[in-house]
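Undergrad: I'd like to ask you about the structure that follows.
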């Protein structure tokens, strides 16, 4: 959640920054109005409470002096009713403000490029040169079918479209990639954790998926439980509503989970293959840091994901996202896009974001430094999306006969 005090202090500046994310000015103006209404409600309550305190003192004096308290008692009783009404009004105004504020995205950093969508993102650099093939490279779904690694039709039979089943070497490679990624991240100082695949509403509100993106989530009927869209949600919320001692920071974690997304806004996009699935495997990085550490940790997380791709000999590039393409909770993001020769294009395989204190405010994650409690910064990023890594291996390591060479670093994981 954005800092409402910051918005009050300089509404126009914050409004201008949020407009770079495409936030409607009317929404921000409405937030300002709700905030003013809450301030008025608080003043009304405090005024009535002050009057009550004054009358209570008078009541004691009246009784001590033996004076008639009938009229004063009637005023006290009447004021109690007004206080209860004022407190209820204040609660309603507070809830209205907080609900609206939960729908406002994070403020982008000043150095985030201007732009409306992915076409305005800025390439930082390319890493490794794509291989030149002496034949026309095939796309991954053709290779997966030819080698018997992945069956999309059986995925549909078991569930619906955008599900798949892995067999034989395809399944073994997925398992090998998960272990390789976790080991790689652990060696970079990220502690491995294992978390639930179901979370409650508070966890999703903490990391920013709710209330805005509920249509993209799978919910358990009759319960306030949701399948996780990313490990970012449970891992970040491990420290929800806690005050951490400064010596514990930074906390750096890595986790493997299955992820579940309805992809409600992806109709017609990547309808074939494994690029966009309702269920997929991912290894995540999450860091919880002091504010002054977060930029350094951000660069470290980007480098970890890039080095992992390089270890797998997969050509990729780093891209800085523009304001219009930034995620809801991100203050800044660098995407890593892997080269897919079958598609003759770079495709996203990792997204590393610094949310600053945005998620920490929502999830109430703070740290104590001396006598002061402050909000931490939280960061997250894929390292890596397992299915898309498998896609990249199939396309980049394919041979003319359709067979696929396995990257050397995975050999120990495949006996």
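Cβ coordinates come from backbone N, Cα and C, glycine included.
Values in this document were obtained by computation on a predicted structure and should not be read as measured data.
From Swiss-Prot, for reference:
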type    : residues                          : note
BINDING : 230, 231, 232, 284, 382           : L-serine binding site
BINDING : 261, 262, 263, 348, 349, 350, 351 : ATP binding site
Undergrad: Within 10 Å of the Cβ of residue 232 (L-serine binding site), how many other Cβ atoms can you find? Include all protein chains, please.
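TA: Taking every protein chain into account, the count is 28.
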Undergrad: List the Cα distance (Å, whole number) between residue 350 (ATP binding site) and residue 232 (L-serine binding site).
TA: 13
Undergrad: Return the count of C-beta atoms lying within 10 angstroms of the C-beta of residue 284 (L-serine binding site), excluding that atom itself.
TA: 29
Undergrad: Among the binding-site residues 261, 262, 263, 348, 349, 351, whose Cα is within 10 A of the Cα of residue 230 (L-serine binding site)?
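TA: Final answer, ordered: 261.
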Undergrad: Within a 10 Å radius around the Cβ, which one of these binding-site residues has the most neighbouring Cβ atoms: 230, 351, 382?
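TA: That would be 382, with the most Cβ atoms nearby.
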Undergrad: Tell me which of the binding-site residues 261, 262 sits in the most Cβ-dense spot, judged by other Cβ atoms within 10 Å.
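TA: Comparing the binding-site residues 261, 262, the most crowded Cβ belongs to 261.
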Undergrad: Could you give the Cα-Cα distance between residue 284 (L-serine binding site) and residue 351 (ATP binding site), in whole Å?
TA: 10
Undergrad: Within 8 Å of the centroid of the Cβ atoms of 230, 231, 232, 284, 382, which other residues of that chain place their own Cβ, given that this set defines the recorded L-serine site?
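TA: Here the nearby residues are 233, 235, 255, 257, 259, 282, 283, 285, 286, 380, 381.
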Undergrad: Out of the binding-site residues 231, 232, 382, give me the one sitting nearest to residue 348 (ATP binding site) by CA distance.
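TA: So, spelling it out, the nearest of the binding-site residues is 382.
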Undergrad: Run through the Cβ atoms and count how many others sit within 10 Å of the one on residue 263 (ATP binding site).
TA: 14
Undergrad: What number of additional C-beta atoms lies within 10 angstroms of the C-beta atom of residue 350 (ATP binding site)?
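TA: Around residue 350 (ATP binding site), other Cβ atoms within 10 Å: 29.
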Undergrad: Cα within 10 Å of residue 349 (ATP binding site) is the criterion; apply it to the binding-site residues 231, 232, 382 and give the hits in sequence order.
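TA: Neighbours among binding-site residues, in sequence order: 382.
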Undergrad: Using a 10 Å radius around its CB, how many other CB atoms surround residue 231 (L-serine binding site)?
TA: 26
Undergrad: Look up residue 232 (L-serine binding site) in the DSSP assignment and reduce it to helix, strand or coil.
TA: helix
Undergrad: Measure from the CA atom of residue 231 (L-serine binding site) to the CA atom of residue 351 (ATP binding site) and give the result in Å, rounded to a whole number.
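TA: With the alpha carbons as reference points, the distance is 13 Å.
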